[in-house]
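Report on one structure; see the data block that follows.
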Amino acid sequence: MTRRSGLHSEGFDVNQRHPLGWTALHVAAINGKVEVLKTLIEAGANVDLGDDYINVYRTSIEKGLHSIDVLVKREDEFSDRLNNRATFQGFTALHYAVLADHIEVVKVLLEKGADPSLENEAGHRPIEYARSEEMKQLLSSPTAKYGEMLRQRKAEERRRFPLEQRLKQHIVGQEGAIATVASAIRRKENGWSDDEHPLVFLFLGSSGIGKTELAKQLAAYIHKGKPSGFIRLDMSEYQEKHEVAKLIGAPPGYVGYDNGGHLTKELKKCSNAVVLFDEVDKAHPDVLTVLLQLFDEGRLTDGKGKTIQCKDAIFVMTSNLASDEIAEHALQLRKEAEEITAQRLEGKLGMRNKLTTR
């Protein structure tokens with residue numbers, strides 16, 4: 001009690017970050033300091049706060065420091081038990097406690113309301129770092145409970161604020177396109193889609209009508225603004241036959257083998273990302289053949305022979321082809337979209353009237 005009041009009286013921010021990104025709670029969790037952990041939580045520490053520290057190399061670049069200095073600080077002021085090449089961005093105190101196999105720390109964090117369903121930047125939950133059977137059993141029930149709560153919360157949020165409304169906040173017009181895309185996403189969210197194949201869209205029309213913006217807003221809705229959740233590829237950069245290697249990675253013995261492909265590298269970070277193939281008609285036919293395999297099988301093999309499963313991804317192709325023909329039928333398309341919207345509104349009003357009369 002004295003230590004907690006001391007923290008408050010000194011005006012100490014228990015959620016303050018170290019210059020390299022972690023908090024005091026992260027330090028207590030990785031080092032198994034149960035009493036310190038309890039004191040920090042009682043003083044108001046956020047148990048679900050993620051670590052901003054990435055790894056030695058990337059953090060040294062972002063902070064403008066020498067990599068040796070970053071490594072020394074990490075080992076001296078955080079922990080010397082961790083792999084200095086691994087990435088820790090988004091790790092919560094619970095992630096660190098599970099990784100270090102501190103059972104008592106995990107118990108305290110769960111008692112204090114830590115969310116075991118939170119994912120780090122790599123998309124992993126704390127339970128995925130558990131090694132012992134005891135740790136897995138300790139986390140399995142709360143993880144399932146939080147997962148169910150999260151699903152219910154998301155379902156309620158979708159009901160109160162439908163995807164169509166979200167998209168219309170950023171895109172003017174395009175009623176038909178928005179309704180079609182939103183319906184497909186809703187079916188996928190509710191499990192009424194083929195799990196073996198990813199969702200694939202083709203957006204046609206002239207420049208400036210919102211094709212790219214619709215894809216961006218779709219990614220923002222699904223991934224809550226997570227940068228790795230949206231992958232954009234300008235297909236005009238893949239007009240030559242040899243540029244297939246730039247997409248999936250060069251084979252062994254060729255230049256760029258170690259770098260990997262633009263698409264495969266990004267899909268490894270987020271296998272359920274929204275991927276935009278901008279101006280897909282400009283790509284070489286061999287590139288389109290690779291995309292056909294991707295759309296058909298929901299997986300892609302990179303230049304190193306590793307297969308990336310991306311059946312939960314959403315692929316969007318855009319093209320200006322037939323934009324003149326589409327423009328000629330613009331009035332008709334707009335009228336049809338308005339009729340669809342009116343029918344939906346009538347259906348909702350009719351349902352409300354039935355409920356009222358009952």
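A Cβ is built for glycine as well, from the same backbone N, Cα and C atoms used for every other residue.
The domain 'AAA+ ATPase' feature in TrEMBL is assigned to 197-341. What TrEMBL records for 20-52, 89-121 is repeat 'ANK'.
According to DSSP, the secondary structure content of the domain 'AAA+ ATPase' (197-341) in residues is 69 helix, 28 strand, 48 coil.
Per-residue pLDDT, averaged over the repeat 'ANK' (89-121), rounds to 92.
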